[in-house]
Every structure is written in structure tokens, then in C-alpha cells.
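S.K.: One structure follows; several queries about it will come next.
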Amino acid sequence: MSRSHSLRELYLSRIREFYRQPARIFWVYGFPTVLAIGLGLAFRSRPPESIQLDLVASGSSSVEKTLRDYDVKARRENRPGLQLKVGSAAEANRRLLTGKTPLVIEPKGSQVIYRYDPTRPEGVAARGAVDDILQLAAGRVDPIATEDLKVTEPGSRYIDFLIPGLIGLNTMGGGLWGIGFLLVNFRVAKLLKCFVATPMPRRNFLLALIGARLTFLLPDLGVLLLLGTLAFQMPIHGSLLLVVVVDVMGALAFAGIGLLIGSRAQSTETVSGLMNLVMLPMWLFSGVFFSSERFPDVVQPFIKMLPLTQLISGLRLVILEGAGWLDVVPALAILAAWTIGSFYLALRIFRWT
């Protein structure tokens, strides 16, 4: 058997093996689609919700009247109203401590006391909105005229931010589990030992696994991009070719990391633990579901060196900002460094038995 023929046969056998197992097809193509649809519906564009607050009952009803008048007017004008609950101080404080209300208002003479958790965004927002209502009703005039310009067009929504993150997350999972876990499965089943006994060049086996992984990657990328554009009107401002290049570079980096993780593991339990150990920091820090810039400056250099951070950053630059080739060179360079370094180490320590 020629070297090229063995590589082709190994590649085709991997493709056939994958498509003969419906469960794998679901986890590679179906699960990311379901996850994107679910999160897209959860964070779809919708009007602001009513402000929830508790008012401590008192002898004076001027605060309550002001708030109820505002609520009636706001609902008449199709603006967010107020969900006002009047009760005792003890009941209101209990609801605040248990998270059932973000704000408690207690009138005391000419003063109004606000109780809220300053670390809870809903409480801070409710406090500011209610204070504006009461101050304007009392005759406050703002010295500076303001105008609100609300941004709702595609490209600025959470779902537009999320889709590139899901693409990166799926690329990472496919590279690590599709290479590393598969190798350990072959090792446990003694298949690697059988392959070594054949005249097949050893590198052909690894090249076939990586080639098959890249083949599975392209339909997966296409499914998520089509879902984003057709179901959620996500714009793609940059080059589709550059999107594919960035994703392929990410796939190669994670294939190398998967090969490194699976190069010596002797059981599926061991490799599963190692996979989760590698993936968890990237799940948390790489900006899949929220911006990685939320973390303190001291950890930013570490975050920026993670391959998933660079993959997602590159995808968002191209898809959402229309970045060109020069703009993504830093991300591609870091992904290339991960690819070369992980493959070099993996091939140095790889065990066939």
C-alpha cells in the first residue's frame, strides 16, 4: 500500500466512522445549533421590563401617589412601568434580602430612604430610575438637555456577540475531544498497537485524524453562520474566506493541544479529566458568553495568550467589525504558536501503546 493510499484510506475510514454514529453527528452539529437557538431566544430584543420595587407603608401617601401616577402614564405611552408592592418595613426588607425585590423605598417626612444592594445591577438601575421620577415630580429641572439614541440594529446585540463565541467553543471542543479523546480510545482498545504493526507511515494516521477534523469543521461553521444570519439577522461585515482561515487556524491549534493531551493518557477517565482541566479556564476567561475585558487587568496578559481568546477575538473582529487580514495577524500568530508548540511536544512524547 502506497503512503498516499494509506493516508486516503485512513481519512475515509474516519469520515465513515463519524457519519455512522448519529450521536456524534448531534453533538458536533445539532447541539451547538440548539444552544445558539436557546440563547438567542433568551436574549432576543424585547422592550424593557417594568421596574420592580417595594414601598414601606407610611402615613403620607404622596410618594405612593407619585409612583402610581407615573405607572399609569408610562403604560399609557407604552413605556416601562412600575411593579409597586406596598407593605411593612419588615416584609419589604425580607424581600430585599431574599432577592425578591431589588429596591425598598421608605418615606420619612420630607426624606426618602432607598435600600438596595449596590453590587446588584437591577437595584442600582431601579434606584436611579425611581429617584428621577420623584425628583422630577417635586419640580427638579435638569440644567442640561439630553437626547437618547437607542442602538438596536444588527451587529450591536448580544446574539451577534454570542455566535462567534459559540463557533470558537465548538471548534475547541471538536479539536480536543475529536483528537485527544479518540486517540486514548484507540489506545485503550489496542487499536494503536495494531496500526503500528502495519507498514503504514505513522504520521499518516495522525494526519488522517486532523484532516477529518477539519472536514467536520467546515459544515459546523456554515451551520452556525447560517443560523446567525437567517434566524437572528446577524451581519457578516468581513470576508467569509477570512472567517474560515481564522477558524481553521483555531482548529489546528486545538487539534495540537488535543494530540498533546492524548499522547500518553492510558484511560478515558484520565483524558476526560485532563480535557476538562484545559477547557475550564478557557470557558471562564476567553469571552465566550461575556467580554473577557471584565476580568482584572492583572490577568489580562494570561487571558490574551489563551488560544480560545484569540480565536473568538479574531472571529468577532472579522464578522462584526469587518476587519481585514492585517487586523487579525496578532490572533493568527498566537494560534500558530500554539499549533507549532503543541504538535512539537506531542510528537516528542507520543506513545503508541
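Backbone N, Cα and C atoms are what each Cβ position is placed from, and that goes for glycine too.
As annotated in TrEMBL:
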DOMAIN    127-353  domain 'ABC transmembrane type-2'
TRANSMEM  21-43  transmembrane segment
TRANSMEM  161-184  transmembrane segment
TRANSMEM  205-232  transmembrane segment
TRANSMEM  238-261  transmembrane segment
TRANSMEM  273-292  transmembrane segment
TRANSMEM  328-347  transmembrane segment
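Give me the lay of the land around each of these features.
M.R.: For the transmembrane segment (21-43), the list of distant contacts is 157-159, 162-163, 166, 169-170, 174, 216, 219-220, 223-224, 227-228, 231-232: same-chain residues at least six beyond its ends, Cβ to Cβ under 8 Å.
Non-local neighbours of the transmembrane segment (161-184) in the same chain are 28, 32, 35-36, 39-40, 43, 192, 209-210, 213, 216-217, 220-221, 224-225, 227-228, 232, 234, 247, 250-255, 257-263, 265-268, 270-272, 274-275, 278-279, 282-283, 286-289, 307-308, 311-312, 315-316, 319-320; each lies 6+ residues outside the stretch with a CB under 8 Å from one of its CB atoms.
Sequence-distant contacts of the transmembrane segment (238-261) (same chain, six or more residues past either end, CB-CB distance under 8 Å): 167-168, 171-172, 174-181, 183, 206, 209-210, 213-214, 217-218, 221, 225, 271, 274-275, 278, 307-308, 310-311, 314-315, 317-319, 321-325, 328, 331-332, 335-336, 338-343, 345-347, 349-350.
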